[in-house]
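Peer 1: I'd like to ask some things about the structure below.
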């Protein structure tokens, strides 16, 4: 036997190294860092939002938890603004949510303000949590010359840690000095936590005597994840509209928008949506029974749905955006139950992540939903592809068609129950390894 | 410069290869194959189960879907056997479940049989599904000389594919010829799908005039996963007991045992539990009001709980066995809601997988459960460690104690709501990368 050919061995080993490196790169986990990789479902850029007369924004670095980024934002609303809101129904909701709920319905001509911090949710913090809310809202009220019951606050971040409210109140003078009408994107960024992109949407409708503008921002990586991904939404309009009508429109539209999205079925302690109408539009006051009123409500619903869908597109670890359309249910409530059973099923969501057209799991989810269903009247479609009907797989369905469809990044799963007129559409995302990475390791 | 030292370079490259291989091994995904790695929570071995007089088992390779393993099993029960059962409440349940439900309550002295296949669940298969059940149960009835309404069947595996029932009926002669009293473990293995170990449990109680034996087997990798992990349970006893009393005891004990476990909140289309009492024990007939009757029911409950907990220990991807104890709820129903909200929360389950003592997520789960709860009366313990009380983190709680506790493979999360006397304990496992591997790729 001759001597070892070290040159040949080195070359072979070099190839091996290259191959192993390529494998490591191809492995889904190795390539992913839980940090700020922008969601593959994100819009191309933050949209251009119209300025809403009477609304100003500012943001600052208070160092509540994060370093080297803005983590507190202030919004000033002109005198005459009416406020409406909807909030989490959690029985363990945070002090700032309880405070907002107590203040929201009160009539006032004084104007208003909203102050929001990220990094700490001030939830489950007992009496010191209430003190923190009083300190922050009181500080803003004093600086802006507002009654304190016109200052609304939100906090998003870790649960159960005392909120270092001094760091926030110390920044109030800077925030007040920085207020500007065109700083809405900066405000959207300051409230991000695990979000990978800031979320904004707008609409313009024709009122009597002038146009009415709507602009909104949201944060959230799901409706979910109390110590990191609370959903916060702020929508502004220059419409002239009475508070009861504004609240009625908001409450009516929330079911088919923000209550129709889910990332992982976990409901935050701190979800809040505030809607402010400044009345600075030249258009006449809105009325629920006239065309401008109806068009305003429809435009508001579109802005709400757009923001809600952006939250799903930023769902933790999401790679697929999924619309679940349920029709033919006995009631709307049943349609909602079935749609949410599908959208929240870990087995449906992992199948979608694996691009497996596993329609049997949709049958399962319908079955467990608790809604009235008849196996033999059920039909299931992936997009336009009829997968199952009359209690069995469709004779024309070919597995390869389903498999090809599942490779898309935007999917529609349509289920018809064949029983009645109840319908509901909800939006969700898939369940991937990254969801586990993000949530197993968040606090460490 | 000298020539390249190929020997040194080869040695360096060898080190690099070794390092890259070690990295690949350390990466959680690279090291895991979705195949039959036995759960780290599995018991050491299948337990020694007592022979139950009047019960015989056989198994065979029918090739329904799997190759080179037994996938069909037959159980013969002696004349005089009484049968009780509980089944999935899914509205899309499989043909064999509907068939069992129609047969279970009928009195008969003729004996009975149970035939079970793995690999295909015969669910959502329309009229041909019903034909398959008729063919299989009819074939067994004819071979064993039983009325066909005394033959019960279960199928577990993929949904929506026609069951190749000829492959099963072709094996009936072999199965009948192979029936033996001591083959219970073989039967337990034949019905496994994604299970990583066969599950068995037993108890012996003293009756009037002799001992009464109970032995049971189960399959399931959760209550979950309709196309792969249906839960099937068969329990046998030689007790003399009337059918109505047997059914009453079974129904009473199912809430705190099989209805108190969850792997991922997805309910199967095919879950079935059959309990057969052959009456071959020398002990006198049981009565619900006497000591032997009460002791029998307690022993039955222990066997049911043992099997239920083994299903959780084999939960897909499980690395932690978690007991969630809820006390102080306004009602038992509320205690169940809170316990299940915690046990099913993806955020709680991923935190446990990451060994993060993230008690804020438990507060969130209590809040979203829909049960009556008062934030300021809530207390949370990890094992004996008081984590939170009176609406805030306990002043004595140290994060490092919680972190050390979470490293255990068996965890107790105790929540007291401080409102009433309602209690419920449920069992679950963590949510890991392997769950996604198993369920994203199952059918491919």
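Cβ atoms here come from the backbone N, Cα and C positions, even for glycine.
No curator has checked TrEMBL annotations; they are predicted automatically.
Since the structure is predicted, the reported quantities are computational estimates derived from the model, not experimental observations.
What TrEMBL records for this protein is below:
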- B:230: active site, nucleophile (ACT_SITE)
- B:193, B:219, B:230, B:316, B:439, B:444: substrate binding site (BINDING)
Peer 1: For chain A, which of the binding-site residues B:193, B:219, B:316 fall under 8 Å by Cβ?
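Peer 2: So none of them sit by chain A.
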Peer 1: Specify the secondary structure state of residue B:219 (substrate binding site) as given by DSSP, simplified to three classes.
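Peer 2: Residue B:219 (substrate binding site) sits in a strand per DSSP.
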Peer 1: In which DSSP state, out of helix, strand and coil, do we find residue B:439 (substrate binding site)?
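Peer 2: DSSP call for residue B:439 (substrate binding site): helix.
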Peer 1: Which one of these binding-site residues, B:193, B:439, has the sparsest Cβ neighbourhood, judged by other Cβ atoms within 10 angstroms?
Peer 2: B:193
Peer 1: Quick one: give me the count of other CB atoms within 10 A of the CB of residue B:219 (substrate binding site).
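Peer 2: Residue B:219 (substrate binding site) is surrounded by 29 other Cβ atoms within 10 Å.
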Peer 1: Taking the Cβ of residue B:316 (substrate binding site) as centre, how many other Cβ atoms lie within 10 Å?
Peer 2: 30
